[in-house]
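What follows is a short report on a single structure.
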Amino acid sequence: MLAALTAPGRVSDRAARSPAELALRAGLLIRAPILVSCGIGLWFSLRFEPGRGLYAAALAAMLLATWGARRLLLLADAGRMPWDRAEILRLATLAAALALSGFLAAGLRLHMVAAPVMDYRYYGPVEGRVVQIDRSARDRMRVTLDRVVLRDTAPERTPRRVRLSLPPGAALPATSARVMLTAHLGPPPPPAEPGAFDFRRNAFFAGLGAVGHTRTPLLTVEPPPPRLLDGTAIRLRLSQAMQDRIGGQAGAVASALVTGDRSGIAEATNQVMRDSNLYHIVSISGLHMTMLAAFVYAALRLGLAAAQGLGPGVLGAALSGAPVHKLAALAALAAATLYLWVSGGGVPTERAWVMVAVMLAAVLLDRRAISLRTLAVAALAILYLAPEALVTPGFQMSFAATAALILLFPAWSRGAQRLPWVVRGVALLVISSLIAGLATAPLAAAHFNRSAQYGIVANLLVVPVMGSVVMPAGVVAALLAPLGLAGPALWVMGLGTRWMLWVAEAVAGWGGSVLAVPAPDWRVLPLAGTGVALWLFSLQGGALATRWLGRLAALLLPGAAALLWAASPRPDILISPDAAAVGILTPAGRALSKPGAAFVADSWLRADGDTAAAAE
């Protein structure tokens, strides 16, 4: 089915009317992620698990639609149907097939990750293998265990993975070691209210069947098996070395940017980063991966091109006629893969790697690296491999920012030639920060119920420094570290992270820096997303009237979504999932029945657009 979305250029009149050419002319490839997302979104909106009959019907309908698209092409080719009508019907059937494929992909993913989920409380011995060590949002070290054994619990009821918070100061185990401890376990918590962030669903797709905490030290019952490279051990050692060398919170932030280890960042630093809308900086995402790959690609391509210009010689002869842009792309892909490994390979980092890998693959295949088609291929890869990513803030914000930048790129390319080359790179970083901030601001407000009023200013001051100083210095430090010469590069990196912290503290200190935003109605994001989708549909292909109709709807639907958001009432009464707390909405704010259940109560207050904390 997706083979009809890409193909070489036309060779003959018949080839020009092939499935691939028709799809390309109609812009079906850039629209395919939207159609697949519709099917995935439908699956996640269901309040029940579809049975085998529904899946079988969806599969049959998808195959029938795919066959029908091919049949329509044959009818038109035989002259039994006008080409225009056949093309419209064919694109409609392919659109239905893509949506159904998204629905089926979500169902398949569910069954692939299905594992026992604890539906009871447990206290007792826990034994398992350490697979991950990280830090929670509440600044607690956590370990994730697999191959779990619980006392008096049958294997079929034992979760595949559990995550445990450790007491302050606890010694961290080695990755892959088998440990034993005494812990409290329970099921992952459900949403604080209908429509709120669903940690239980997120945990299910991550393979977590239980979460809990321990107050006892971990006992190693079996050391990790010997292996050549221990990624977690290397990451923690590298993190500690960077923190020691740079020092203070600047070192902790630098460590987070390179290794993904945020354990050294104080909660006060996290708070000012949130208030200034810079918190995304300390969480490795597409921004970091793109900056690293872009620096490696640009530096190596420039260096190889300069080496080619040296003329006769060993290096010049070896590189004579070599495609330096492809060599640079291969090196950038290797650097991005190494970055993925060193940083621990979290889900956002993996998603960022896929995006970068697709763009670099486009360079290797002599295609445009920065285009909506490249972005569409990356989106399709992620949606089919992990359909649950669609409903996460990271996926939505990453692709919104990237799409906005790609749409801006042609205008930038035309105007950039008028700028001196010295300021061209910095100007690109500044404009990119502005566009990305504007594209993601509504999504950030909807998901996190807060809007950093001066966040765009903070990002304009920080992101260019991060792209031109911090990340390049980190790459140079990594290259020089085996020689013991990383000191100067780390010093430069520390200057950049200190600037980032200074900007964050300054912006967070401005009056009214944070605006609380009430949670939107559940229909707001789908409505706005439909408007954006119609706008993308109107960019290419179709009659003029159809394109203008799509653009009009693209303006009206987000506007209607904004009005619906502004008029969305908050529930008068909220009851926590365990019935431990009740919140009643009053003219003065939400009154809580008791000071307990702080996490749930804080979630309610944030969704109300209230900046107060539950403890207040």
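Cβ from N, Cα, C; glycine included.
Residues or ranges marked as transmembrane segment by TrEMBL: 28-46, 53-76, 88-108, 278-296, 327-346, 382-409, 421-444, 456-479, 524-542, 548-567. Positions annotated as domain 'DUF4131' by TrEMBL: 56-216. According to TrEMBL, the domain 'ComEC/Rec2-related protein' annotation covers 257-539.
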Within the same chain, where does the transmembrane segment (28-46) have neighbours whose Cβ lies under 8 angstroms from its own Cβ atoms, ignoring anything closer than 6 residues to its ends? I mean 6 or more beyond.
2, 4-6, 91, 94-95, 98-107, 372-373, 375-377, 379-380, 383-384, 387-388, 390-391, 526, 533, 536-537, 539-540
Would you mind listing the long-range same-chain contacts of the transmembrane segment (382-409), meaning Cβ under 8 Å and 6+ residues beyond its ends?
33, 36-37, 40-41, 43-44, 101-102, 105-106, 109, 201-202, 205, 285-286, 347-348, 351-352, 354-355, 370-372, 375, 431-432, 435-436, 438-440, 443-444, 447-448, 536
Model confidence for the domain 'ComEC/Rec2-related protein' (257-539), as mean pLDDT, reads 83
Any residues 6+ beyond the ends of the transmembrane segment (421-444) with a Cβ under 8 Å from its own?
277, 393, 396-397, 400-401, 403-405, 408, 412, 450-451, 455-456, 459-460, 463-464, 467-468, 525, 528
